[in-house]
Amino acid sequence: MSLSHGSTDACHAWVIAQPSAATSASRPAHTRTSSTAVRATPRREGAASWRDPRGSTGSTESTEEGCIPPMYPFRRLASVGEMVNVGGPGVMLLGAVVAGLACVLLGFLLRAAGVATPWVLAALTWSLVVIGLVTLVPAHGAPGWIAAEEAQTACSWDYGGPAPEGFWIFSGGQRMLNTALFVPAGFLLAIATVRRGRAWLALPGLALLVGYSALIERIQLELTRLDRACDVTDVVDNATGALIGFGAGVLVAAVLGLGARVTRR
């Protein structure tokens with residue numbers, strides 16, 4: 001599918017480019033983004049052509065509006081950003097509020113169905129949704145075009161490398177935020193498993209939380225337009241937060257005798 005754009009000689013055509021491994025590796029983990037990216041290159045007069053690395057072709061034409069990139073139907077998942085240009089803290093807050101209302105309804109439904117600890121499970125669900133919002137919604141407004149030389153082609157294994165600061169909802173160091181983000185989920189998981197008398201679910205639950213973190217990092221790698229970086233440090237920090245929260249939940253359950261209440265029933 002083609003899209004008109006451009007001016008005359010000064011106009012640029014947008015093409016797909018793959019960065020070199022050396023260029024990507026030389027950049028700090030927090031400044032590298034993800035896989036396939038787009039960049040502007042000089043174009044000849046008249047229509048310019050482009051080719052998708054997977055074989056699709058198309059063209060762009062000159063207008064008086066300036067240059068905008070072509071679109072084609074089967075690009076990688078990075079093209080989602082072209083269709084849904086939303087992001088920023090406001091979107092995260094709105095999503096958290098909407099998810100909170102939905103989870104309140106979920107709590108009532110679980111309670112009506114006779115499920116044990118309905119509100120704990122509803123709160124756990126909400127915490128997982130909030131994690132997704134904070135990590136997968138672009139942090140600084142609508143996503144823009146990512147320079148090809150800054151595209152990340154693989155997750156960084158530079159544990160403890162440079163990390164950016166937070167943003168106005170969550171101020172502070174990135175590692176501290178990644179740790180704190182999973183504390184509520186770990187805490188609620190502990191309360192849910194202890195109160196239900198099913199301690200054997202604790203270990204699989206923690207494993208699922210770590211898997212959730214790894215999945216988020218993979219999505220950040222694939223969706224270039226999120227302008228996020230895939231880093232093993234984030235997974236370690238998330239897992240640490242989940243363990244801290246779980247430990248706190250076990251202590252609270254012991255102090256309040258939540259497990260004993262289930263046993264007496």
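Glycine is treated like the rest: Cβ placed from N, Cα and C.
Residues annotated as compositional bias 'Polar residues' in TrEMBL: 22-38.
The region 'Disordered' feature in TrEMBL is assigned to 22-65.
Feature annotation from TrEMBL assigns transmembrane segment to 91-112 (among others).
The transmembrane segment annotation in TrEMBL covers 119-139 (among others). Within the same chain, residues 81, 86-89, 91-92, 95-96, 99-100, 103-104, 106-107, 110-111, 167, 170, 181-182, 184-185, 188-189, 191-192, 195, 212, 216, 219-220, 223, 225-228 sit at least 6 positions outside the transmembrane segment (119-139) and bring their C-beta atoms closer than 8 Å to a C-beta of that stretch.
Among the features that TrEMBL reports, domain 'VanZ-like' is placed at 134-248.
Marked as transmembrane segment by TrEMBL: 176-194 (among others).
TrEMBL lists 201-219 (among others) with the feature transmembrane segment. Same-chain residues lying 6+ beyond the ends of the transmembrane segment (201-219) with a Cβ under 8 Å from its Cβ atoms: 128, 131-132, 135-136, 155, 182, 185-186, 189-190, 192-193, 226, 230-232, 234-235, 238-239, 242-243, 246.
The annotation transmembrane segment is assigned in TrEMBL to 239-260 (among others). Within the chain carrying the transmembrane segment (239-260), a Cβ under 8 angstroms from the stretch's Cβ atoms is held by residues 178-191, 194-195, 197, 202, 206, 209-210, 213, all 6 or more beyond its ends.
Sequence-distant neighbours of the transmembrane segment (91-112) (same chain, 6+ residues past either end, Cβ-Cβ under 8 Å): 118-119, 121-123, 125-126, 129-130, 133-134, 137, 169.
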